[in-house]
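The feature Fe cation binding site is assigned by Swiss-Prot to 98, 140, 144. Among the features that Swiss-Prot reports, active site is placed at 141, with the record citing sequence analysis.
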């Protein structure tokens, strides 16, 4: 089932998400719905707060990137209760967009290496270092679980330059090709 994506201004996007227990109701169905919603909106990642749920669940599907990055062929994973334990490597700037910020794309600096823990869809524990593009996508999505958005990493000048677009979203005027839930 395709779910509406919550757009900038929705309070759930600024709340810290909670870890869930292994018996969380309908978890597999939720994950399937998140993948379907994300794919319909042409996203590569989706965090549960973006569909209105303040829980620590993220889906990432990087198969679309596999022409340029062959290591992501058939890469499709769910991350349950993910946490970043440590960051490393160098800070790399790359343009990011977000399904909750339609029409906004800005360069964001992030570490290119992270140490993460999470449960997979089978509730198996993982503790690993991740680097490169996947590390960036994870940081972007995991930010949502901490009540942050990529615009929080921008300079005051860049924030000022997108103020009009953010204001339009607050008025319920998000322009995109997928189903959204605005505050108006």
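Here the Cβ of each residue, glycine as well, is placed from N, Cα and C on the backbone.
Spatially close to residue 144 (Fe cation binding site) yet at least six residues away along the chain are 13, 17, 47, 49, 50, 58, 100, judged by Cβ distances under 8 angstroms.
Around the Cβ of residue 98 (Fe cation binding site), a 10 Å sphere holds 25 further Cβ atoms from the protein chains shown. Residue 140 (Fe cation binding site): 24 other CB atoms within 10 A of its CB, across all protein chains. Remark: residue 141 (active site) has 45, 46, 47, 58, 60, 79 as non-local neighbours, by Cβ distance under 8 Å and separation of at least 6 in sequence.
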